[in-house]
């Protein structure tokens, strides 16, 4: 009979299978009221499920982070019930919890509109108030298929048909309504609480395939209490204010147009920002012992077949056929196979390892148009990509050195902290299990020796190896996964990379794939939103504008600009237009220019400037030399400051 071990180490013995509800009640009435679900040996389960064997049990209450996913999952079910009550004949498809919320996809003749959301949300609150219990039922597979087919729910029937034969078919009832679901769920609809809101409608293809029917998706957000909901809604407002697409337009940084969907037209100011970041990263990599290379954009399919990308990644590749040569080429989606070709060009010695090879490599990956998002999710992008060819005993030091470099770069760019996730082997992968065992062991050991603490991200490794994912948190609390480090024994084997070891034998190098920014385009989008367009001088596309009050000061304004440029403030500008000074200040403030130097006759005569910072109404009168020295220091990239 089951022995139930609780988090405090105490053990409760039962003479028969026991439910979580009973255990919680035995512990005390407070827990019986607060418990929403339970973890049984680490697996989330309904409180109503019976435990028949010895197990470790942890109860989940509203205070626990794990409750959020339960609240959102249950809210998705209530959303589906509300829609079917209000819009009979609507078919339900899938409705998962997602980061910060949930959604449900519906099949109906007319898509939902934002105007439908208030009524649906009101109906959801009505269903929650009914406090109907969630009840789990196990059904026969064929009975379940017939049931949903008879209801006209063809998508649910298809989902069941596609499940493995070994999968148990379960449905959950909430009052008179039910849905196909693996669970788990909380006790009742009332446990969801009032802290939710429907956010928007969108279109989505069934199973994400553009060849399938277009469905109507409703997104919502749900939280543990009103305070959390209000904080999230405030974050969304702040995110809208910082949206890189809007700021990019206001600051004249870039644009995107239909003739090149998923690719960026960089304007001169945006390209200045891009180049400032690229030059900074180039210096940091040179300092860390990387050699920069350049590899082709179009590569024959044979290399992608050898590397495994053709099988695992072909649907994301842009492919071209050269008819007169009967060749099939692909725009490279990543740089690693090409870097192996450089490593293989000539006989390598163990004395050359670790060999650190870097490239600001342009890559192309197909993304559905609906998934594209400004410059953050595109089809054509450049990575700060590098590969370290090393021996197994060098992995730990290279990992530690990389993490130290990454942390320093992030600090320079305005991010003081980051989290690390360990992504292990995915279901679809290349290589032998023993190679994966070795790679995962080596990466865990490298993390231990480097003092890197991580959380597990199961099944999210690359198809050729496990990886560390470095997650930034921005100024408004959003997480961005940017940097990566991957350990790869597979690609050197597939592409026949080798070196001569100290004993004269030929050996395979270990390949470490690493990036700090990820893609320049996405990271610049993150930077725009992190700073809300208010860049530090060293990154600002226009760091300083000199604005004369009267035309008599134009010559002095140009002299100031020349002095700034000589001091290293390369993109300083003068605004010599015949406009009132307040209009100039307003215009350049809206363009997020960090510093405006106001000059008039008196400033010209006394060799001074009136310095005005973005967001401030105050002007600081300074000697010209003093101002130039201070601004030149601010405009110097952090890695070049003394």
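Glycine is treated like the rest: Cβ placed from N, Cα and C.
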Zn(2+) site partner of 336, 387 (as recorded in Swiss-Prot), chosen from 234, 244, 513: 513
Residue counts (helix, strand, coil, in that order) that DSSP gives for the domain 'TGS' (1-61): 14 helix, 23 strand, 24 coil
Binding-site residues compared (387, 513) - highest count of Cβ atoms within 10 Å: 387
Close in space, distant in sequence - residue 336 (Zn(2+) binding site), Cβ under 8 Å, 6 or more apart: 307, 385, 387, 488, 491, 511, 513
Cβ-based neighbourhood (8 Å from the centroid) of the Zn(2+) site, residues 336, 387, 513 excluded: 334, 335, 339, 340, 385, 386, 486, 488, 491, 511, 512, 514
